[in-house]
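Everything on this sheet refers to the single structure shown next.
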Amino acid sequence: MQPPEAGVVLVRHGELGVKSEQVRRKMEGRLAENLRAMLDSRGLSADIERRRNRLFVHTDDADAAADAAADTFGVVSASPAVTVEPTLDAIETALAAAAESHHDGGSFAVDATRAGPSDAHPFASTDIESEGGAAVWAAIESLGHEPEVDLDDPEFRLFVECRREAAYVFLEKRAGPGGLPLGTQRPVVALISGGIDSPVAAWKLMARGCPVVPVYVDLGDYGGPDHRARARATVETLAGYAPGEAMALHVVDAGAVVADLETGMGDLRMLALRRYMLATAEAVAESEGAVGVVTGEAIGQKSSQTSANLAVTDPATSLPVHRPLVATDKSEITQLARHIGTFEDATVDTGCNRVAPELPETNADIETVRAAEPDDLFERARACAAERSVVPIER
Ligand code: ATP
Ligand code: MG
């Protein structure tokens with residue numbers, strides 16, 4: 001929702017403000033670059049103005065530009081706004097116009113802030129709220145509605161941000177993903193199965209600034225082209241959040257390894273497979289300059305992810321394994337997947353077979369798994385990783 005003639009988007013970021021001056025400047029610069037790339041990727045022409053703790057996006061499509069900002073990591077919120085003179089008269093006029101075009105019943109409130117020295121304006125923020133509120137009241141009456149003020153929980157909220165040089169009137173703070181600008185951290189490898197969890201986990205690391213190197217482990221007879229296509233589709237959606245980054249899907253052929261584990265390892269095969277995947281991820285990380293691995297595991301979600309079994313899989317790599325969903329319920333992960341846009345692709349039926357045995361081990365110990373797994377498991381992981389195919393991701 002935007003006021004008439006909105007020509008600017010106020011873009012707020014959160015955690016950057018608490019960094020040292022030098023780090024903050026660098027991160028703000030990166031945020032502006034990433035936002036530029038996001039706007040370009042959506043064909044939006046706009047000028048980005050950097051100010052302390054804020055970006056101002058000047059554009060003739062404020063609604064679409066606010067959406068682009070709300071999909072950019074590091075952005076806390078974005079407001080399509082109309083710019084007016086920093087006078088009470090001009091603010092009242094803009095508030096009344098916004099109410100006339102958007103109020104459709106229900107209570108309202110005017111929420112004003114004033115930035116700058118105390119003598120920057122001959123009025124206080126409370127004056128904006130009371131005078132502006134009166135203008136909105138009159139506008140609502142002129143629509144034939146019954147005006148009602150509710151300062152705590154209004155159905156219709158109008159915001160004013162008054163600065164020395166201009167005032168901005170807006171109707172919403174569209175939530176962004178928060179976090180840090182993508183590219184402000186070293187990359188990590190993302191183990192992507194194409195299921196619901198792993199793309200969400202990768203997205204969460206991206207939201208902390210880490211570019212991801214997606215790795216899909218092709219399970220041969222237990223995977224198949226539809227399974228791989230599903231993984232790729234989720235990565236394409238993730239790439240939409242990283243328009244400034246080249247992204248490719250690294251596909252590791254594990255068909256032969258899976259077949260061997262299936263015949264040779266009984267109830268422990270899932271654990272050996274997980275260990276193999278982490279070793280593969282580590283090999284890819286080495287060649288791609290990545291410094292960690294992210295997976296979609298959550299404690300107890302599957303037999304291979306019990307707290308005991310995670311203790312068995314973790315030592316397969318010396319890299320840190322990031323599990324941002326470790327304590328998240330499936331329903332919440334699903335909700336996030338819908339929000340991110342990976343849910344639809346992740347839930348297409350691929351008709352693939354189950355690698356997991358009927359009664360998998362849920363309380364394994366590392367010595368038993370080590371003794372049972374093939375001696376050359378990690379060697380094979382490195383060899384498969386070296387022969388991986390790299391599929392560029394179009395967007
Ligand atoms: P997801 O967890 O992505 O929804 P899933 O639930 O089918 O898929 P799990 O069996 O829970 O997968 O696997 C746990 C984690 O291991 C996944 O979140 C993912 O990070 C990784 N993983 C599983 N299968 C693959 C695969 N074929 N290729 C790459 N990574 C995989
Ligand atoms: Mg899972």
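Glycine is no exception: its Cβ is also placed from the backbone N, Cα and C atoms.
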Residue in Q305, Q335 which TrEMBL records at the ATP site where L191, I192, R274, G296 also bind: Q305
Candidate with sparsest Cβ neighbourhood (10 Å radius) among L191, I192, the listed binding-site residues: L191
DSSP residue counts for the domain 'THUMP' (63-173), split into helix, strand and coil: 41 helix, 29 strand, 41 coil
In the chain carrying R274 (ATP binding site), residues 6 or more apart in sequence that have Cβ under 8 angstroms from it: S304, N309, T313, A316
Sparsest Cβ surroundings (other CB atoms within 10 Å) among the binding-site residues G296, Q305: Q305
Mapped DSSP class for I192 (ATP binding site), helix or strand or coil: coil
